[in-house]
Amino acid sequence: MHKEGGAHPNEQKGSTDTKPIVEASVPKMMIYPMSMHIGAPAEPIVEVGDQVKVGQMIAKEGGFVSAHVYSSVSGIVTAIESRLQAGGSEVESIIIKNDYMYTKAHPIITPGHSSEMSNKEIIDTIRKAGIVGMGGATFPAAIKLAPPEEKKLDTVILNGAECEPYSTSDHRVMLEYTNEVINGIDIVSSLYPDLKNIYLAIEDNKKDVKKAMEDATSGNEKVTVQELKAMYPQGSEKNLIKSLTGREIQAGELPADVHVVLLNVSSARAVYHACELGEPLIERVIFVSGSPVKNPQNLKVRIGTPVESVIEDCEGFSAIPGKILSGGPMMGKAINDLSVPVSKGMTAVSVLTRKQAQIEEPKDCIMCAECLHVCPVSLQPILISEAFERGDIEKQKN
């Protein structure tokens with residue numbers, strides 16, 4: 001199964017797709033931005049000088065659309081100040097000096113009872129854990145998973161497409177934490193009484209993952225492990241939903257409007273950790289890759305770890321980078337300073353050479369129509385470009 005349109009850029013996954021996940025080292029100073037999610041910034045509930053534990057809430061959600069923040073180390077709060085994050089903006093951040101004792105706070109719920117939880121308890125736990133969309137969108141998961149009752153969700157999709165070049169972290173998570181991911185999807189699926197289908201969407205360049213997922217779900221008739229043609233942007237929300245269900249999301253609509261909820265691989269794993277183990281979101285798996293990286297890796301990193309530390313885990317650079325990105329080369333945000341911390345939504349650190357980072361000068365259209373063939377949502381880029389050059393905003397909208 002594959003959708004119309006799309007492109008197939010050089011995957012460049014070979015440096016990390018077979019490398020097991022490695023525990024990243026933890027530096028002395030950790031940085032926790034208050035805006036690691038879409039919505040209102042979290043509000044600090046600790047003060048400078050406070051002693052904190054691993055898994056202790058250090059900032060509460062700042063509104064309905066927001067998310068709690070937890071410490072991933074034990075130590076002392078040394079500052080609450082503006083710090084740089086990926087993309088170049090400065091946001092209020094909590095700085096914690098790691099004491100390397102890793103003293104743990106109490107679990108957010110009593111572990112081991114996810115099968116006995118009510119729908120409300122599941123959603124409350126997901127909210128309490130500070131879980132957001134971990135594929136990059138960072139929308140608070142508790143809101144996404146609990147749409148109005150009239151939406152009557154009947155389809156759950158696990159997005160394991162991972163179509164960005166270099167990207168291998170979802171691949172390794174599905175392969176190495178298969179049961180955790182499946183259990184997370186099972187917990188989410190239990191929320192919807194009208195559920196008919198669960199799709200596990202995987203690109204056809206992940207044969208090992210397909211087998212692992214099929215083995216893990218062989219007894220569930222509602223589950224389909226769906227192989228998709230490897231192309232970009234196969235993993236985008238709207239395209240994936242159309243490919244799997246035939247349902248089209250119109251402008252201004254959400255997946256719930258077509259009775260679907262879609263969850264990233266790492267988000268599903270985080271749901272399992274919250275509801276079954278009582279653990280808030282304090283770590284995630286990222287890949288660090290690109291030609292200038294000496295030893296590309298898939299790393300399990302504590303949230304708040306500066307990018308500089310994960311680069312050191314990969315033995316540094318063999319050449320001067322042209323650009324460093326949070327995320328993949330297609331959709332990633334520029335990292336202008338290696339002090340930027342790994343956040344909830346940071347899927348990767350992609351390092352490009354100077355040549356790769358160069359943006360080609362736009363060329364005159366020769367009406368080859370290639371843009372029509374590759375457009376994943378059947379637009380007409382030729383007409384959009386012409387309208388842009390004329391300054392015709394209404395034409396671009398339509």
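Quick reminder: no glycine exception, Cβ is built from N, Cα and C everywhere.
Automated prediction, rather than curation, is the source of TrEMBL annotations.
Predicted, not measured: the structure shown is a model, and the values here were computed from it.
Cys368 ([4Fe-4S] cluster 1 binding site) is surrounded by 9 other CB atoms, counting those within 10 A of its CB over all protein chains shown. Annotation note: Cys368 ([4Fe-4S] cluster 1 binding site) sits in a coil segment as assigned by DSSP. As annotated by TrEMBL, [4Fe-4S] cluster 1 binding site applies to Cys365, Cys368, Cys371.
Here TrEMBL flags Cys375 as [4Fe-4S] cluster 2 binding site.
Annotation comment: TrEMBL describes 1-16 as compositional bias 'Basic and acidic residues'.
Among the features that TrEMBL reports, domain '4Fe-4S ferredoxin-type' is placed at 355-387.
What TrEMBL records for 1-20 is region 'Disordered'.
The local packing around Cys375 ([4Fe-4S] cluster 2 binding site), expressed as other Cβ atoms within 10 Å of its Cβ over all shown chains, amounts to 16. Compute the center of the Cβ atoms of Cys365, Cys368, Cys371, which mark the site for [4Fe-4S] cluster 1; besides them, the chain residues with Cβ within 8 Å of that center are Ile366, Met367, Ala369, Glu370, Leu372, Pro381, Ile382. A simple way to gauge crowding: the CB of Cys371 ([4Fe-4S] cluster 1 binding site) has 15 other CB atoms within 10 angstroms, across all the protein chains here. Under a cutoff of 8 A between CB atoms, and with a sequence separation of 6+ in the same chain, the neighbours of Cys365 ([4Fe-4S] cluster 1 binding site) are Ile382, Ser385.
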